[in-house]
Amino acid sequence: MPASLIDGREISALRRTELKQRVQYHVEQGQRAPGLAVVLIGNDPASVIYVSNKRKACEEVGITSHSYDLPAETTQEKLIELINELNQSDKIDGILIQLPLPKHINERTIIEHIKPEKDVDGFHPYNLGRLAQRNPFLRPCTPLGIMNLLHHYELNVKRKHAVVIGASNIVGRPMSLELLLAGATVTICHKFTQQLQKFVEIADFLIVATGKMDVIATDWLREHQVVIDVGMHRLPDGSIRGDIDFKKAVEKVAWITPVPGGVGPMTIVTLLENTMMSAARLRE
């Protein structure tokens, strides 16, 4: 029997509708709409598409998107100057720096210059530290989006074994913290993990964020599992797939996210929700 689909498009649409109503309410009360600064350095095709989608999503819910498109040769010093201006601006509630950055710019340095209360990506050490201490405020968008998906479908991780494949600062590490916060027993696997198959086979929840296709063989999967595929890869024919072979996996597991249409839409709506949360906090 094919797996049940975890539909990120449907759930993100519901959350966007709710968010739009909240934004409209605050505007009707005489408050300005939340403002999100979206900074793009260079013209990497994938980044251009991601930024365009984020700006369209802002427009859809009534959040004001402030665009800053900078040339690829922009220096780290100039970017920090812009961030400092945005940190001080009363019109900006959230700052998003589209990653990856050009090689001459240090991502960690840039992230650390964003005010934690405007760090709507949730990457600042302060925000990650709060998550680790079980007192989160602005949380990384992809892991939180995944948790919201699981909650909607009543897929409870408490007392279950969750295996996270990938240990990036953006997904894998904060994902493990979210799962711990929700009461899961968590195993993190990465490029140095030996006997990866063994860990995959014993997972109740499998979150795959390797950034590479087919690291996880579909014959490792089991019928009771919930599989969350964070990967996104464009194939030569223009189609998009995830880290896992969906057509094979959907016949083997209990629940699975499609790619596209699973995690991606939830990441964007969570970014918008973080911006709204930041705006509310800054007005206090």
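Backbone N, Cα and C define each Cβ position, glycine as well.
DSSP gives Ser168 (NADP(+) binding site) a coil state; it is part of no helix or strand. Around the Cβ of Ser168 (NADP(+) binding site), the number of neighbouring Cβ atoms within 10 Å comes to 15. The feature NADP(+) binding site is assigned by Swiss-Prot to Gly166, Ala167, Ser168, with sequence analysis given as support.
Summary of the NADP(+) site environment: with the site residues Gly166, Ala167, Ser168 set aside, the chain residues having Cβ atoms within 8 Å of the Cβ mean position are Val164, Ile165, Asn169, Ile170, Val171, Gly172, Arg173, Ile188, His190, Ala209, Thr210.
Counting every protein chain shown, 24 other Cβ atoms lie within 10 Å of the Cβ of Gly166 (NADP(+) binding site). Annotation for Ala167 (NADP(+) binding site): same-chain Cβ neighbours under 8 Å, separated by at least 6 residues, are Arg173, Ile188, Cys189, His190.
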